[in-house]
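Listed features, source TrEMBL:
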- 206, 226-229, 294-296, 300, 348-351, 528, 539-540: substrate binding site (BINDING)
- 222, 224, 445: Mg(2+) binding site (BINDING)
- 222, 387, 441-450, 452, 477-480, 503, 530, 536: ATP binding site (BINDING)
- 285-384: domain 'Glutathione synthase substrate-binding' (DOMAIN)
Ligand code: ADP
Ligand code: MG
């Protein structure tokens, strides 16, 4: 049986981003140093936003308009400016001004770290999100490839999540040395003991890729199964870039129709609304689990606003500590928070150790997992997205354990970079010899945790010396080297010409109720662009800016 794509058509709406650490650790060398983390477009008549010409609905997601292949399109492509650093300074100033006004008027904003309350109170201390002034070129063939992979990965993660023994066994060594993963596994074990079944399963993923310049291979960086961020702001960046090209495209030799439309936030809200409908309690609401401070709150508010305006589903925002205080489980499994029944739990927190400063937060996570509410993600989906599982799945014959369709397996394997556990002595020797060709990753999310360059060598030598089991905390990954492009990046109202590399994230949604797959779609995208000399890539963590793509 093949993967049950409800749609693999590239005319689907593309989507947006991933998770970012609670406590970003910008490096001193990091140029972009803003907190921002992990949108939306109401269509109803009474919408607050109806005055804006945001035509997210009408955009033809994933597809570049027909003109692209016409003579005119080719002409435009031929004279396009690929080197953005060659653009006339006066034109840059005009676009910069327009971009800043547009971002302010359309909610392409994050909390400004210079304002103390900007992470707590909406409407206080906002600054435009860090963005690229113009879209990054990206080959159409690789774009299509990334979109086609989305429903296959959705199905794979679902199958993996059902194999509790595989998850526990694969992470058993990690468990001994990584307290955070160990706590997640404990909750998972409890669910296995209780024989807890998640009949309705909802996923809002983002798969991240880099295009390796030398091999021209699209290689997966990771798959985010929890807190995939920027579905809201990502869509807005796409709209901003289209707007700029509609205005200045002639001067630049660029055609706005080559930017694929992005309806990530629309499709994410649709998936959440469909899950809410499956839960079948009209009085229940969606619970958004948030961090105590969240400068990326507007990205989340876009999604919740759309859920309300398009689908009439209400949300409540609660921290893990609040859920512990106000949460209650009824005998039938219903989760009440502050007396309110919860249909769907959408996590925008809970992926990092810093989200669990005390036992209270862990109690809240367990309480939610025990309930009948639909979790996005469930503990098993969360674990299935860990880096260790990514590495296990890359082993020979592993995909065959979960998927039957041979073509799907070939497609997935093609995007796997080299991935190894640290009990592979041969690869350890190679990594010590040429550390610049590897990235060392612990079981963490949110950016700023990986080890690069000479630190790989030093950490490996140290681990060898200690001879402990600490090595099980990490995996090794082949380092990917994308093409370096001249770009213009904006932060705090100022443009900077930089040489940069990019990472493409493809959003996807998956919803099933028992045997019925209700949604399995690619849902939009998020390009993140960072200066070439930076190792890490998180926008929230201050390393990257939000971008869109220009298909070539
Ligand atoms: P996190 O869960 O913290 O986001 P990632 O695996 O996505 O962890 O790594 C963080 C960043 O590090 C990525 O966004 C990317 O910029 C960079 N990175 C990760 N893996 C690689 C790799 N194999 N080659 C090159 N850069 C990488
Ligand atoms: Mg990442």
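Placed from the backbone N, Cα and C atoms, the Cβ positions cover glycine too.
Worth saying up front: this structure is predicted, and the values here are computed from it rather than measured.
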- the domain 'Glutathione synthase substrate-binding' (285-384) [mean pLDDT, rounded to integer]: 98
- Fewest other Cβ atoms within 10 Å: which of the binding-site residues 351, 452 wins that one? Let me know. 452
- Note on the structure: Counting other C-beta atoms within 10 angstroms, the emptiest spot among the binding-site residues 442, 448 is 442
- Item | Candidate binding-site residues 206, 222, 351, pick with smallest Cα gap to residue 479 (ATP binding site) | 222
- Lowest 10 Å Cβ neighbour count of the binding-site residues 206, 295, 479 is held by 479
- Query: Where the criterion is a Cβ under 6 Å from an atom of ligand 2, which of the binding-site residues 222, 227, 351, 448, 479 meet it?
  - Reply: 222
- Task: Under 6 Å from ligand 1 by C-beta, which of these binding-site residues make it: 206, 222, 227, 445, 452, 479? Sequence order, please.
- Result: 222, 445, 479
- Item | Fewest Cβ neighbours within 10 Å, where candidates are the binding-site residues 349, 539 | 349
- Query: When the number of other CB atoms within 10 A of each residue's CB is tallied over all shown chains, which of the binding-site residues 224, 227, 300 has the maximum?
  - Reply: 227
